[in-house]
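J.: Take this structure, written in structure tokens, and hold onto it; I'll ask about it next.
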Amino acid sequence: MASSAFVKFTCALVMCMMVAAPLAEAITCGLVASKLAPCIGYLQGAPGPSAACCGGIKSLNSAAASPADRKTACTCLKSAATSIKGINYGKAASLPRQCGVSVPYAISPNTNCNAIH
């Protein structure tokens, strides 16, 4: 009888843990914008990316784990780049390297986001 109660308790506990477990944060354009906002100064001419900028790049790179996430991030980056005046696209392309991050595609307004895997 005690083992039956234990099994029921364990099942209930596991179900509660599954329901209460936080969902993975999906990539959104809002997330991309907030992570990369500290980089705007560098992209518009400041001499080097700030620690906050590189932290955002690293965080975004870690969050974009799936191909769908990377495609979304790419699309958001392209959209944001066209709405911000004075972006130096050469600096944008070098930003991941400047921050020690490897990105599997070129950072460019001409990048085909649908080809990202």
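All residue numbers here begin at 1 and follow the chain in the order shown.
Glycine residues also receive a Cβ, built from the backbone N, Cα and C atoms like all the rest.
Quick paste of what Swiss-Prot says about this protein:
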type	residues	note
DISULFID	Cys29-Cys76	disulfide bond
DISULFID	Cys39-Cys53	disulfide bond
DISULFID	Cys54-Cys99	disulfide bond
DISULFID	Cys74-Cys113	disulfide bond
SIGNAL	1-26	signal peptide
J.: What is the Cβ neighbour count of Cys39 (disulfide bond) at a 10 Å cut-off, with all protein chains included?
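T.: 22, counting other Cβ atoms within 10 Å of Cys39 (disulfide bond).
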J.: Which has the fewest other CB atoms in a 10 Å radius around its CB: Cys54, Cys74, Cys99, Cys113, the listed disulfide-bonded residues?
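T.: Result for the disulfide-bonded residues Cys54, Cys74, Cys99, Cys113: minimum number of other Cβ atoms within 10 Å at Cys113.
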J.: Hey, what's the Cβ neighbour count for Cys29 (disulfide bond) at 10 Å?
T.: 14
J.: Out of the disulfide-bonded residues Cys39, Cys53, Cys54, Cys99, Cys113, give me the one sitting nearest to Cys76 (disulfide bond) by CA distance.
T.: Cys113
J.: Looking at the disulfide-bonded residues listed here (Cys39, Cys53, Cys74, Cys99), whose Cα lies nearest to that of Cys29 (disulfide bond)?
T.: Cys74
J.: If H, G and I count as helix, E and B as strand, and all else as coil, what does DSSP give for Cys76 (disulfide bond)?
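T.: Reduced to three states, the DSSP call for Cys76 (disulfide bond) is helix.
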J.: Which one is it: of the disulfide-bonded residues Cys53, Cys76, which Cβ has the fewest other Cβ atoms within 10 Å in this structure?
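T.: Output over disulfide-bonded residues Cys53, Cys76: least Cβ neighbours within 10 Å is Cys76.
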J.: Measure from the Cα of Cys53 (disulfide bond) to the Cα of every one of the disulfide-bonded residues Cys74, Cys99, Cys113, then give the nearest.
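T.: Closest by Cα distance to Cys53 (disulfide bond) among the disulfide-bonded residues Cys74, Cys99, Cys113: Cys99.
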J.: Rounded to a whole number, how many Å is the Cα of Cys113 (disulfide bond) away from the Cα of Cys39 (disulfide bond)?
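T.: Computed Cα spacing between Cys113 (disulfide bond) and Cys39 (disulfide bond) is 21 Å.
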